[in-house]
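Student: First the structure, which I've put down as structure tokens, then a few questions once you've had a look.
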Amino acid sequence: MFNHVTVLLKETVDGLDIKPDGTYVDCTLGGGGHSSYLLSQLTEGGRLIAFDQDEIAIQNAKEKFSSYGEQFITVKSNFRYLSEKLQELGITEVDGILFDLGVSSPQLDTPERGFSYHHDAPLDMRMDQDAPLTAYDVVNSWSYEQLVRIFFQYGEEKFSKQIARKIEAYRENKAIETTGELVELIKEGIPAPARRTGGHPAKRVFQAIRIAVNDELKVFEEALESAIEMVKPGGRVSVITFHSLEDRICKTTFKRNSTTPQLPPGLPIIPDEFKPKLKLITRKPILPSDIELEENNRARSAKLRIAEKR
């Protein structure tokens with residue numbers, strides 16, 4: 001069953017300033033938590049389009065929200081194709097778009113998907129099960145230099161070189177086939193004192209491989225720009241991030257689109273192309289409350305940012 005505790009539920013949806021007859025997009029359907037609350041805010045004239053790459057998530061939501069009929073539309077697609085998929089549905093602008101960039105709990109908790117360092121499973125980590133690149137390919141085929149780069153850039157792992165060396169040496173004799181084998185190599189690459197602090201030693205490397213397999217940062221950057229273009233004036237974009245790399249992309253994209261660039265002095269009016277597209281609703285990110293953190297440990301790194309189209 002596709003159960004998932006939704007993070008920052010009301011803050012994210014209420015932050016969209018819902019118009020009951022509006023058109024909204026949930027770019028990350030998952031277990032349907034945000035979609036459920038958003039649908040409850042709509043009248044019969046409103047509708048919600050929900051994206052997910054995961055067929056199980058799509059089928060689950062179709063059953064769960066069948067009573068909404070044509071008000072609820074699912075799209076099995078990566079949200080990097082946001083604009084194209086909406087245009088295929090005849091939709092050129094919307095009232096609000098939300099992103100929840102956390103890996104949904106069912107994906108983490110299903111061992112055979114290979115996302116979790118707590119279970120021994122085949123190295124997979126694909127959000128879209130039809131995608132060609134897997135974690136197995138990354139770990140066994142990518143060069144030492146490529147592994148160091150992703151571990152450092154995407155995982156912010158201090159011991160990237162040591163871990164990549166362990167992987168390189170091991171795979172000369174046999175392929176690394178499971179998450180369990182990978183976890184042991186990561187542990188070997190991290191000095192013992194460092195292994196005892198900062199959570200599970202494999203956390204950062206697993207994050208890095210998952211981001212690489214799914215091209216997550218580039219996809220998000222493209223989709224966020226598309227979302228800003230697709231929302232109507234007065235419409236909003238809500239984004240929940242779970243690590244500093246995603247948050248940096250969101251923060252800089254919102255900031256760039258909400259400020260006027262340096263222009264030559266003495267211009268009588270600001271040309272339209274230089275006028276800010278966005279107004280920041282959250283100057284600082286909204287964080288989960290203490291109560292939410294007690295109920296859902298996975299919310300601890302969540303940050304919510306909201307911007308409005310001018």
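Sequential numbering from 1, following the chain as shown.
Note: Cβ is positioned from N, Cα and C throughout, glycine not excepted.
Keep in mind that this is a model prediction, so the values were computed, not measured.
Copied straight from Swiss-Prot:
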- G32, G33, H34, D52, F79, D100, Q107: S-adenosyl-L-methionine binding site (BINDING)
Student: If I restrict to non-local contacts, at least six residues apart, and a C-beta distance under 8 angstroms, what lies near H34 (S-adenosyl-L-methionine binding site) in its own chain?
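Tutor: The answer is T6, L9, T12, V13, D26, T28, L98, D100.
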Student: Across all chains shown, how many C-beta atoms besides its own are within 10 angstroms of the C-beta of F79 (S-adenosyl-L-methionine binding site)?
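Tutor: So the Cβ neighbour count for F79 (S-adenosyl-L-methionine binding site) comes to 25.
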Student: Cβ atoms within 10 Å, counted per site: which of G32, G33 has the most, among these binding-site residues?
Tutor: G32
Student: Identify, among the binding-site residues D52, D100, Q107, the residue whose Cβ has the fewest other Cβ atoms within 10 Å in this structure.
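Tutor: Relative to the other binding-site residues in D52, D100, Q107, Q107 has the fewest Cβ atoms within 10 Å.
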